[in-house]
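To keep things clear, I will list the structure first and then write my remarks on it.
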Amino acid sequence: MTMKMMVHIYFVSLLLLLFHSYAIDIENEITEFFNKMRDTLPAKDSKWLNPACMFGGTMNDIAALGEPFSAKCPPIEDSLLSHRYKDYVVKWERLEKNRRRQVSNKRVKHGDLWIANYTSKFSNRRYLCTVTTKNGDCVQGIVRSHIKKPPSCIPKTYELGTHDKYGIDLYCGILYAKHYNNITWYKDNKEINIDDIKYSQTGKKLIIHNPELEDSGRYNCYVHYDDVRIKNDIVVSRCKILTVIPSQDHRFKLILDPKINVTIGEPANITCTAVSTSLLIDDVLIEWENPSGWLIGFDFDVYSVLTSRGGITEATLYFENVTEEYIGNTYKCRGHNYYFEKTLTTTVVLE
C-alpha cells in the first residue's frame, strides 16, 4: 500500500468519525429538546406518560364538524423524530380525569386516530399515543383537536398569460382527514372528465390545461372516504369560484410627496400611492424602508399601514411623536408587482 493511499484512507476514516460524532450530538440535542418539552407539560398530561418511553411532543389538529378527522401520532409526523421509527405499532388511548381507556379499533385507521363523524364532544378530548418499535423502543405523544369552520367557497382569480404552460391549479382543501379513497371534481354541477388533456388530477389538485376565459365557474370537489367498517359511506365537499380574466396592463404610477412637513412633539404621516389599471386586486405591493434600508412594519414610534381598493394601493407611514432625530431622515417607498418595480423617496423637514 502506497503512502498516498494510506493518507487518503486516514482522512476518509477521520471524516467518517467526525460525521458520526456530529450525528450523535444532533440526536442527543433532539432528545434533550423533547425532554424539556415533557417537563413543561401540565400535570394532567404528564402523569399518564411512561417514564421508560421517550416523549415525542404534542399536536393540536384542526377538525371540521360533521366531517372525518384523522391525526398521526406526533413523533411519527415530526421531522426531527420520524426517521427514528420505521417498523412500529401504534397504540391509542383516550385520557380522562382519573383513567385512560384504549381507543376502539373503529377509531384507528392505518395507525392513525380516525373519527368518521367529528362532533363538538371530541374537541375536549385528549389522546395518548404510544409508538413501539420492533426492538422494544417506545415514544409517546399527546393529541388534541380544535374546530375550524371550513369556508363556504374560496374565490380564485387567474390572469391569462401568467402561467398558461403550467395550467391553473385548484386545490381541494380537505385538510382535516387523511386516507381518502378518491376525489371527483365538478364544474357548474357537471362532473369533469379527467382526460389528461384539458383536465388532469394530482392528489388533491385539479389542473386545468390551456386556460381560457370559459374556464371561469364554480368548481366543487367531492372527497370520498372509506370508513373502517363501511365502504364509501362518507363524502365531504369543498368549493372554488374561479374567475379567469384577460391579460392585464401591470404598469402603475407611484405618487409621493418629496417632503414630510413635521412639527417637533407632534404626530405626522405621509401616504405613498400606487395607481394601477389592472383588474387584479392587490396587484401592487408597497413597502416603506427606513434610512438604514430596513423594511418598516407595524412597529412602535414609526410604522406603516397598507390599504387597497379598486386598483389603488396606499401605504401610509406614521410617526407617533416626531423628535429631532427624525429631522433630515429620508424614507424610501417601494412599489412593485411581478412585472415592475418603482421607488420614490421623501425627507422629513420642519415646517
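Here the Cβ of each residue, glycine as well, is placed from N, Cα and C on the backbone.
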Recorded disulfide partner - Cys272, candidates Cys172, Cys221, Cys333, source Swiss-Prot: Cys333
Cysteine of Cys53, Cys73, Cys153, Cys172 paired with Cys129 via disulfide, per Swiss-Prot: Cys73
Recorded disulfide counterpart of Cys172 (Swiss-Prot; options Cys138, Cys221, Cys239): Cys221
Spatially closest candidate among Cys73, Cys129, Cys221, Cys272, the listed disulfide-bonded residues, to Asn321 (N-linked glycosylation site) (Cα to Cα): Cys272
Cα distance (Å, whole number) from Asn182 (N-linked glycosylation site) to Cys272 (disulfide bond): 49
Composition by DSSP (helix, strand, coil) of residues within the domain 'Ig-like V-type' (246-345): 3 helix, 51 strand, 46 coil
Whole-number Å value for how far Cys333 (disulfide bond) lies from Asn117 (N-linked glycosylation site) (Cα to Cα): 51
